[in-house]
Every structure is written in structure tokens, then in C-alpha cells.
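As C-alpha cells, the structure follows; a few thoughts come after it.
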Amino acid sequence: MGTPRIQHLLILLVLGASLLTSGLELYCQKGLSMTVEADPANMFNWTTEEVETCDKGALCQETILIIKAGTETAILATKGCIPEGEEAITIVQHSSPPGLIVTSYSNYCEDSFCNDKDSLSQFWEFSETTASTVSTTLHCPTCVALGTCFSAPSLPCPNGTTRCYQGKLEITGGGIESSVEVKGCTAMIGCRLMSGILAVGPMFVREACPHQLLTQPRKTENGATCLPIPVWGLQLLLPLLLPSFIHFS
């Protein structure tokens with residue numbers, strides 16, 4: 001008589017443990033978004049109806065990378081489970097106005113459906129991204145696009161910018177695999193649109209730029225803007241300049 005009773009108790013214990021484990025499962029919102037918007041404050045919606053059940057020890061995450069050039073804004077966003085990490089909210093402004101602006105936000109959290117941000121307003125101040133005055137001397141090709149820019153009009157730069165930037169961001173992770181081409185006005189020196197930060201939440205970012213001399217204009221004494229000639233350009237011009245130099249000497 002004792003043995004069946006013990007078996008019943010064991011079954012109840014197993015069922016209880018199973019119910020307890022299922023009650024501790026972590027559920028996260030899941031979704032991806034890659035878009036370019038002219039009015040992200042009103043047009044971008046970060047809500048999703050998909051749900052993901054996480055493995056043991058995982059967290060929920062929501063991560064977004066925002067890149068603004070001129071009047072266009074590229075947005076790459078991901079929500080879902082993350083296998084490891086620490087609970088934290090991280091906001092980084094990689095490139096500040098005036099000119100090109102890059103901001104990232106990531107939230108790692110431990111409660112079900114805690115990755116529930118639905119808009120950009122909580123960490124992106126749209127009123128601060130518009131320049132009030134522009135330069136009359138510095139103009140730069142300006143665009144941001146997923147993949148490649150098919151049009152990059154030369155636009156007057158905001159006061160406070162000193163050079164033109166051109167580069168490409170290769171982004172992988174968090175379900176995202178994409179490249180973003182960026183051109184525009186900036187005050188930063190070199191290929192540092194991401195300020196040297198290579199990881200944004202589960203996303204890894206690789207920044208690549210063409211020859212930096214081609215993206216660093218300077219102003220002449222009369223206020224005009226010119227581009228330095230790279231070394232290979234001088235090598236091409238030298239044979240043309242030598243005969244004139246010999247003739248006048």
C-alpha cells in the first residue's frame with residue numbers, strides 16, 4: 001500500500017515542478033524593421049504582434065539604430081530574445097548635430113513583454129535635429145539609404161560643420177543583415193560616424209569609408225570650398241606640369 005502512495009506523491013511533485021517551470025518561461029515581443037523615413041516621429045511604429053518564447057537564462061531585448069542625413073532618417077530595429085547579457089538600458093549618440101546624426105538605443109530586460117517600446121519619442125528629440133542656419137560656402141552630397149544611395153543632392157551644410165562624410169555601415173545580428181550608405185555634412189574627423197563603437201545590442205556594425213582625403217574639404221581665403229588632391233592625383237598631374245616648369249625656368 002505504501003509504494004503506490006509514494007508513486008502518487010512523486011507524480012504530483014513532477015507535475016508541480018513542471019507547472020512552476022512553465023510559469024517562469026520568458027516571453028518577448030519579436031520583430032524586425034529596416035526602413036528610411038522622412039517623418040519618423042509620426043510614421044515609424046515599433047509595435048509588433050509576434051511573440052517569442054526564450055530559452056532558459058535568456059533576456060528580452062529591443063535595439064534600434066537611427067541614422068539621419070538631411071531630411072531622411074534610416075531606422076534599423078530588432079526585438080526578441082537574447083541568449084545572454086545583463087539587464088540594462090543603453091542610449092548612445094554616436095554622431096551629434098549639426099550635420100549627420102547617429103543614435104542607438106538598446107534595452108535588455110528580464111520580465112515577459114518588457115521590450116514594449118512603440119515609438120522613438122522616448123529617446124530621440126526630433127526638435128533638436130533641425131539646423132536653424134546653414135553655411136553659404138560648404139555644400140556636401142547628402143543621402144542615407146538601405147544598400148546604395150541612388151541620389152545624393154549637394155545641399156548647404158549647417159553652420160558648425162567643416163567637411164563632407166561618405167561611408168557605408170555593414171550591420172549584422174539580431175536578425176538584421178543590411179548595409180546603409182551615408183553621405184552628408186559633419187564636423188567629425190575621419191571614418192567615425194559610429195564613434196568607434198562596433199556593437200549595438202545584438203547588432204554588430206562595421207564602418208567603411210573611401211580615401212579620407214576625398215571627404216575633408218577645406219575653405220580658401222575667399223571662403224570657397226575645395227577638396228585636397230590625393231597623392232595618386234599628383235602623380236597623374238606631375239608629367240603635365242613638368243614641361244611648363246622647365247619652360248619657365
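Placement of Cβ uses the backbone N, Cα and C atoms for every residue, glycine included.
As written in Swiss-Prot, here are the features:
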DOMAIN    140-211  domain 'UPAR/Ly6'
CARBOHYD  N45  N-linked glycosylation site
CARBOHYD  N159  N-linked glycosylation site
LIPID     N222  GPI-anchor amidated asparagine
SIGNAL    1-25  signal peptide
Neighbour count (Cβ, 10 Å) for N45 (N-linked glycosylation site): 11
Packing count at N159 (N-linked glycosylation site) (other Cβ atoms within 10 Å of its Cβ): 15
Alpha-carbon distance [N159 (N-linked glycosylation site); N45 (N-linked glycosylation site)] in Å: 32
